[in-house]
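Everything on this sheet refers to the single structure shown next.
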Amino acid sequence: MATAGRSYNDAIDALNMLQTPFEVAEARRKAGIRPDASFIREMRVYLRRIGYSISDLDRLNIIHVSGTKGKGSTCAFVDSILAQHRRVHGTPRKTGLFISPHLIAVRERIRINSAPISEDLFAKYFFDVWDRLEGTPAVTTESGEAKEDEAAAAVPAGQKPIYARYLTLMSWHIFLQEGIDVAVYETGIGGEFDATNLVQRPVASGISTLGIDHVFALGNTVEEIAWHKAGIMKTGSPAFSVEQASSGAAGVLRDRAAEKAVDLKVLAIDPRLEGVKVRPNATFQKKNASLAIALAEKALERIGGVDKPGSTLPKTYIDGLEGALFRGRCEVKTEDDVVWYVDGAHTADSLKIAAKWFVGETSGSQGPRVLIFNQQGRTEAADFLDNIYTAAKRQGGRPAFDRAIFCTNVTYEKTGYKRDFVNHQHDPNDVEKMVTQRRFAERWASLDPGAEIQVVGTIEKAINSARDLGASLGQANKVDAFITGSLHLVGGALAILEKADAL
């Protein structure tokens, strides 16, 4: 067990201290400070300070995935295919998966053989990294000579990287110590300057669908964003991309591949998916599955895997694709009075797709509809509501949603945030006064004037509102409740609905 003062909760409290406070993040935004090459230089310093060289990462046989939409699904598919190969053939013996964000518990981000690492293991390795950073007064170069280089001089002795970068650093330490054979890494934001991009010799890189997201950090156009996402391609390693809707984005990927002398293969939907039950059964998910097949094949080639796709997919690939779990994405949960439709969509395009999924799932239902929505800290998010309304609007004068509830990401009424959900990067005054939620409510009132609109302070209160409506219906119908807008909201909702500590 973790020692006193060094428990999982202690680790999460310490990790939360590494979040960039809202005031600092806002000052940087106003000053126009964006991620740049210094981020990667600093990560090299941190890696050396905990005792590793960049070449050590090659032992992990990393599959690296970037993109705007579908990168999480692609990683889950690859991980599931590898798990099935291990079940049947015994290899790879151990796989690692690094994803973000978490839904309920931070430890979900770092998985071994598809399962979140335990609380004790998380705490052990968290403080292991913490102590190594605390106890390293100087930087040692990869040749072993003590030296403070220019990058190291900018990183004071004992300093820790910020939240997401600390978790990335910790994942490398865990996977190397635990003897991982293949590790699948999802980028956080972008690619070129993302913390995960220290890897120089990935087994393969994959780029999923590109679109507009994280505009402050990455740029206002899909071409600018594509430049960042393409940064994970490395000379000497194969790269794959799905077909892009934007010709400009596709052109940037081609140009960057040429600059790096990378063999970039653009994948159409794999015809061998015919008859494979990919969920949801939609074009976008088949693109993600096609990308995952190519990446998994490269990973298994590297470690001497037995199954090799030919004119048909091996059963391990089919079982991996069909058995992949996507918690918080196109998920349905049924209670006595409410059917919950949960999807963590958070971009304009993905919200349109999620809303269409909800409408399709509830097409035969006569019960009232409830929308529970939030996306904290993004001024453009109010515009996203238009796509939800357009997809969900009904004929005959009925509102798209009988009740629309806009809540903060605060979890519980009495105790506030679950420890793993604490977020210092949003304006606390905005959250307390529900400024963002009131803006959403005004926008929805203009779109769907027949809807009853509520603005509430917690996820728990939003869920109880839907439950109360369901309880008032009697046995005739159930409420169809659509929870969407962010994975943070969805994670909090699932924690309440399942009374779970991790997924």
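Cβ coordinates are placed from backbone N, Cα and C, and glycine is handled just like the others.
Residues annotated as Mg(2+) binding site in TrEMBL: SER100, GLU186, HIS214. Shown in sequence order, VAL65, SER66, LYS71, GLY72, CYS75, PHE98, ILE99, SER100, THR196 are the residues of the chain, 6+ apart in sequence, with a C-beta less than 8 angstroms from the C-beta of GLU186 (Mg(2+) binding site).
Taking the Cβ of ARG329 (ATP binding site) as reference, residues of its chain lying under 8 Å away and at least six apart in sequence are, in sequence order, GLY72, SER73, ASP343, GLY344. Among the features that TrEMBL reports, ATP binding site is placed at ARG329, ASP343.
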SER100 (Mg(2+) binding site) CB neighbourhood, other CB atoms within 10 A: 18
For HIS214 (Mg(2+) binding site): intrachain residues, at least 6 apart, with Cβ closer than 8 Å: ILE189, GLY190, ILE225
Shell of the Mg(2+) site beyond SER100, GLU186, HIS214, same chain only (C-beta within 8 angstroms of their C-beta centre): LYS71, GLY72, ILE99, PRO101, THR187, GLY188, ILE189, ASP194
CB contacts for ASP343 (ATP binding site) [other CB atoms within 10 A, all chains]: 25
